[in-house]
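TrEMBL lists 5-119 with the feature domain 'Response regulatory'. The annotation 4-aspartylphosphate is assigned in TrEMBL to 54. Look at TrEMBL and you will find 131-230 tagged as DNA-binding region. Summarising the annotation, TrEMBL assigns domain 'OmpR/PhoB-type' to 131-230.
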């Protein structure tokens, strides 16, 4: 089996060297670059399987790089690195297309575990040839097209919002705890901070529900978690 290729983007040589050294010990093929522009210079020649991307970079920051990748429909997995600790900073990274988020300082072993988890989840996503369409009343979620429509109108979701909604669709009608959602969507226990699930659920409700305070699709099950259901008034449209 060929090696996974990891592109490391960090303007601090000491950090890049540490990451490169440890990833190579585990058999990864590693290329290091040191600014945001360089990512796009090497994409077609190196063709990474995953990018480890620092937030604060010269020329263009990690958020801008990640956003541009997703705008170009490049879905290469991205793990964002940052010194910022606030949960809202994590959400900013994830909402702009990052698959995972790590705060500095971190252990090389944890980074490798995160990379392995992200790659497992990336391999489990449906291929373009799979036709998975979920219909919940007037809500349609296409796994292969990564498209959501409500009453025929396209709903714009961030990558993480889409993955969360898709996970709920795959477990439609089941009550899922926040920890189950963390593990299913982020593929690990997100530092025990379940607030990130609540924030993403809130964003989904704002986009999908007629009244986000009285949701019909994504219901809160008190002291347990969330459940995706079909609105009672639309049950005849399933």
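Cβ atoms here come from the backbone N, Cα and C positions, even for glycine.
TrEMBL: automatically predicted annotations, no manual curation.
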Helix, strand and coil residues within the DNA-binding region (131-230) as assigned by DSSP: 35 helix, 24 strand, 41 coil
Local confidence of the domain 'Response regulatory' (5-119) - pLDDT mean: 91
Same-chain residues at least 6 apart in sequence whose Cβ lies under 8 Å from residue 54 (4-aspartylphosphate): 9, 10, 11, 12, 15, 62, 80, 81, 82
Secondary structure tally of the domain 'Response regulatory' (5-119) (DSSP, helix then strand then coil): 55 helix, 24 strand, 36 coil
